[in-house]
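Visitor: Below is one structure. I have some questions about it.
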Amino acid sequence: MRGPSLLLCLLSTSCWVNLLPAAGDRIFHFGSCSVSMSMTEIRAGFTAIKADIQSRDPIRSLSILSHPHSLHKLKSSDRCCIIHQLFTFYVDKVFRHCRTEDSFVNRKISSIANSFLSARRKLGQCREQNNCTCGEESMEKFKQILTNYEGLNVTAAAMKSLGELDILLDWMEKPH
């Protein structure tokens, strides 16, 4: 009798542990949707390449994410929509066009891209359940980001967006 109850205890503990975020992961709440991400890993990867990426940015007078009020003063209900759009933007447009001759930098970019892809999938599931709606304000803010991005050539825009990743990460970590 002791064997089956011990086995059941181990099995339930194992299932419970698998439901917890991995070590270093943090749960972010975007409106009614939540996503677990390893911000420590993303920040470490970005910090390792930030100087290199920003040195490749020839246009210092323009910002893609810092345009006045791009991410500021956003309603809580619009946070899920804008972050899903931003993860999609980074995965589909930015990371795809950020290739360098340095394999170390490329590996770090790839690692960050994989984290964003995973988070986008999780938010996509929440959106499919209609828990993540896009209001007019979030759509306008994202259109402004796209306008800023599309005003540059593809490579320059991608490098600039990657160089501004800390703006997005700071916004994500800021309590709202």
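Any Cβ shown, glycine's included, is placed from N, Cα and C.
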Visitor: For CYS81, what is the disulfide-bonded cysteine listed in TrEMBL, choosing from CYS15, CYS33, CYS134?
Guide: CYS134
Visitor: Given the disulfide-bonded residues CYS80, CYS81, CYS134, find the one whose Cα is closest in space to the Cα of CYS33 (disulfide bond).
Guide: CYS80
Visitor: Including all protein chains displayed, how many Cβ atoms other than that of CYS81 (disulfide bond) lie within 10 Å of its Cβ?
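Guide: So the number of other Cβ atoms within 10 Å of CYS81 (disulfide bond) is 25.
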Visitor: List the Cα distance (Å, whole number) between CYS80 (disulfide bond) and CYS134 (disulfide bond).
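Guide: Distance between the two Cα atoms comes out at 8 Å.
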